[in-house]
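Taken from Swiss-Prot as is:
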BINDING   CYS575, CYS584  [4Fe-4S] cluster binding site
BINDING   HIS676  chlorophyll a' binding site
BINDING   MET683, TYR692  chlorophyll a binding site
BINDING   TRP693  phylloquinone binding site
TRANSMEM  73-96  transmembrane segment
TRANSMEM  159-182  transmembrane segment
TRANSMEM  198-222  transmembrane segment
TRANSMEM  294-312  transmembrane segment
TRANSMEM  349-372  transmembrane segment
TRANSMEM  388-414  transmembrane segment
TRANSMEM  436-458  transmembrane segment
TRANSMEM  533-551  transmembrane segment
TRANSMEM  591-612  transmembrane segment
TRANSMEM  665-687  transmembrane segment
TRANSMEM  725-745  transmembrane segment
Amino acid sequence: MTINLPEKEAKRVQIAVDRNPVETSFQKWAKPGHFSRTLAKGPNTTTWIWNLHADAHDFDSHTSDLQDISRKVFSAHFGQLGIILIWLSGMYFHGARFSNYEAWLSDPTHIKPSAQIVWPIVGQEILNGDVGGGFQGVQITSGFFQLWRASGITSELQLYTTAVVGLVLAGAMFFAGWFHYHKAAPKLEWFQNVESMLNHHLGGLLGLGSLGWAGHQIHVSLPVNKLLDAGVDPKEIPLPHEFFLNKQLMIDLYPSFAKGLTPFFTLQWSEYSDFLTFKGGLNEVTGGLNLSDTAHHHLAIAVLFLIAGHMYRTNWGIGHSIKEILDAHKGPLTGEGHKGLYEILTTSWHAQLAINLALFGSLSIVVAHHMYSMPPYPYLATDYATQLSLFTHHCWIGGFCIVGAGAHAAIFMVRDYDPTNNYNNLLDRVLRHRDAIISHLNWVSIFLGFHSFGLYIHNDTMSALGRPQDMFSDTAIQLQPVFAQWVQNTHFMAPQLTAPNALAATSATWGGDVVAVGGKVAMMPISLGTADFMVHHIHAFTIHVTVLILLKGVLFARSSRLIPDKANLGFRFPCDGPGRGGTCQVSAWDHVFLGLFWMYNSLSIVIFHFSWKMQSDVFGTVVNNTVSHITAGNFAQSANTINGWLRDFLWSQSSQVIQSYGSALSAYGLIFLGAHFILLTGMLDIFSGRGYWQELIESILWSHAKLKVAPTIQPRALSITQGRAVGVAHYLLGGIATTWSFFLARIIAVG
């Protein structure tokens, strides 16, 4: 006889909802500040509009009821999905209505992608450059054309249809957001049922999602792309449904289709090796990954996640319990281990969001590095402007997510952390030796900063004194990145031992031959030298400083030596009251503020490194088996001095954007100029003290009051925190737009 212990029994999953919990009221919705008793009274001073923006989405400040907060977040997620679908639909609609997609599809090596035609109002039609094939438009660098070809889209009608479906789905999302807040709102226990959530997200979203995509790739993408690669006119290619209905079409392309589903159900999947391949390397025709490899990959992912979707204990007494796993997770040196973390993650959405943002942001930066080294879509590798744009985009998205992780971890510490429930567990132990963690990070940052910058200073000095033989370079004193070179070589050699059936290594960057498409380099081995070694340590320095700032903000969010009661002051506060020196700009929010600057610094150096390295050592043309790179390999010679970066990268490569006036690239010249002004606005907000503005406003206000023309809503200078927020927003917007215009004008002109 077996007795089930109460904690071993699975909590039965029931979809518990409250019916009609909140009435739909447009009157309430239309009233600014309806979520706050203070704000709903309306404005007395101009501070009101700032507080309105600051608190509109801060659901914690509207109510302390976790169930209501959870419902608001859940509902907002549907709204977010709706907005994303509208945006995506717009992209597909532009492809259908304003693009040269069909022309590009017929000749992707000579025709550039364009999906925007500027209307002639006062001469803007100059922006419609000649992209080839007799089409005038703005060249786009989003990678959508390459994605569409990989999906098997062969006509603009298919893009139209997808755009319409996107709008229908967006409508469904907006409806769901309203329905699940106003009509059938889930109860708190539904949000806290992590096992059921994991099963559905892993098995449903990732498992079935990957399976569906693998199915689409096998039945639509593969046959369409095989015919396109063979040079068949897109208009002659059968429509997607014909490959379903007419089995012979598939058998002609992939003979194993003749065997039907027998090998599938008997698990003889190797019989399908003509379309589920393991080739490695890149497709010689398109320069992208072999789509039969990616179909195989998505099928494998689907199998793994469908299994993972059955791993967690719900209505049946089998599977993992997350609470049991966490509570049992102890090491010999970690006290109570993970005890108490389950309670944190089921009652603090900030804590959960922090972890998810950190992981998602890191993943985005990993994606950035794979998009060029293993370009997943046809003809992506030879579209240099798109390559540069995608790398930059995924780095910045990742950076913002990682800083967001620091922000929400700090908000969790201030608002949700309960010291009484966390005694001697991992979190408590980290907090108790935070001084050691921060001082070590501080030391590492100083060490990396002085030593890596010192190498550059040495080189600049030797260069200025005319002593090239005493510089750190590949031709004088070498600092070769031997570990990185070993990793490259290992990855190049490994497949011959570990995957003998693979035709090539995972990426052409490891070693081997140049992959060229249409006379352009798609990818080739990337050699690393002294200049890479030096800039790598600058990356290490800036990333460690970013981590130092964010982690210090989190670990000292509740208290510090100077302000032991910091938790009572909240997430953001300008100073700790009058009469206490040194307590200004030390809130957790201020650490996020500083973290944003360092994130931007870190990633600027990353994308500059990438842009110059690729132009110097990868991007270029191939004539008679000879590769000519855009900047002829000057990275190794110049990137080892500060002067080299300023002269041969920033100054030399900005000539295209500065001289773009009067050409199709002139918009980038204007953006470059305008974004510098936004950058300066950011600086002004950050550097100027609040007192100066308040004095100025007070004197103007006094004269208005004297003349009895004073406004009813009194002007106020921005608070210190608001000034910093406006400053960092302008700094980032200005910096990103400056870099964007600089990169694109350059690479579109020379690439």
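Placement of Cβ uses the backbone N, Cα and C atoms for every residue, glycine included.
What you see is a predicted model, and the numbers here were worked out from it, not measured in a lab.
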State the residues, same chain only, that lie 6 or more residues beyond the ends of the transmembrane segment (591-612) and have a CB under 8 A from a CB inside it; answer 'none' if no residue qualifies.
372, 388, 391-392, 395-396, 399-400, 402-403, 406-407, 410, 532, 535, 538-539, 542-543, 545-546, 549-550, 552-554, 631, 635, 639, 645, 649, 653, 724-725, 728, 731-732, 735, 739, 743, 747
TYR692 (chlorophyll a binding site) and CYS584 ([4Fe-4S] cluster binding site), Cα-Cα, nearest whole angstrom:
17
Hey, how far is MET683 (chlorophyll a binding site) from TRP693 (phylloquinone binding site), Cα to Cα, in Å?
15
Do any residues, 6 or more residues outside the transmembrane segment (725-745), come within under 8 Å Cβ-to-Cβ of it, and if so which ones?
141, 385, 388-389, 392, 396, 593, 596-597, 600, 604, 607, 611, 653-654, 656-657, 660, 665, 668-669, 671-672, 674-686, 718
Cβ under 8 Å, sequence separation of at least 6 from the ends of the transmembrane segment (665-687): give me the contacting residues as numbers and ranges.
126-127, 129, 138, 656-659, 718, 723-724, 726-738, 740-742, 744-745, 748-749
Would you kindly give the Cα-Cα distance separating the residue listed as 'phylloquinone binding site' and CYS575 ([4Fe-4S] cluster binding site), rounded to the nearest Å?
18
Excluding the flanking five residues on each side, which residues at least 6 beyond the ends of the transmembrane segment (198-222) place their CB within less than 8 Å of a CB in that stretch?
150-152, 240, 243-244, 250, 253-254, 275-276, 291-292, 294-295, 298-299, 301-302, 304-306, 308-312, 314, 322
Let me know the most crowded of the binding-site residues, choosing from CYS575, CYS584, MET683 and counting other Cβ atoms within 10 Å.
CYS575
Same chain only, please: residues at least 6 beyond the ends of the transmembrane segment (388-414) with a C-beta under 8 Å from a C-beta of the stretch. Say none if there are none.
141-143, 344, 348, 350-351, 353-358, 360-365, 367-369, 371-372, 546, 549-551, 553-554, 557-558, 567, 570-571, 588-589, 591-592, 595-596, 599-600, 602-603, 606-607, 610-611, 614, 736, 739-740, 743-744, 747, 751
Within the chain of HIS676 (chlorophyll a' binding site), which residues six or more apart in sequence place their C-beta under 8 angstroms from its C-beta?
GLY734, THR738
Can you tell which of the binding-site residues (TYR692, TRP693) has the fewest other C-beta atoms within 10 angstroms of its C-beta?
TYR692
Three-state secondary structure, which DSSP defines for CYS575 ([4Fe-4S] cluster binding site):
coil
Distal contacts, the transmembrane segment (349-372) - CB-CB under 8 A, six or more residues away:
69-70, 73, 380-381, 387, 390-395, 397-402, 404-409, 411-412, 415-416, 523, 610, 614
Helix, strand or coil at TYR692 (chlorophyll a binding site) [DSSP, three-state]:
helix
Under a three-state reduction of DSSP output, how is HIS676 (chlorophyll a' binding site) classified: helix, strand, or coil?
helix
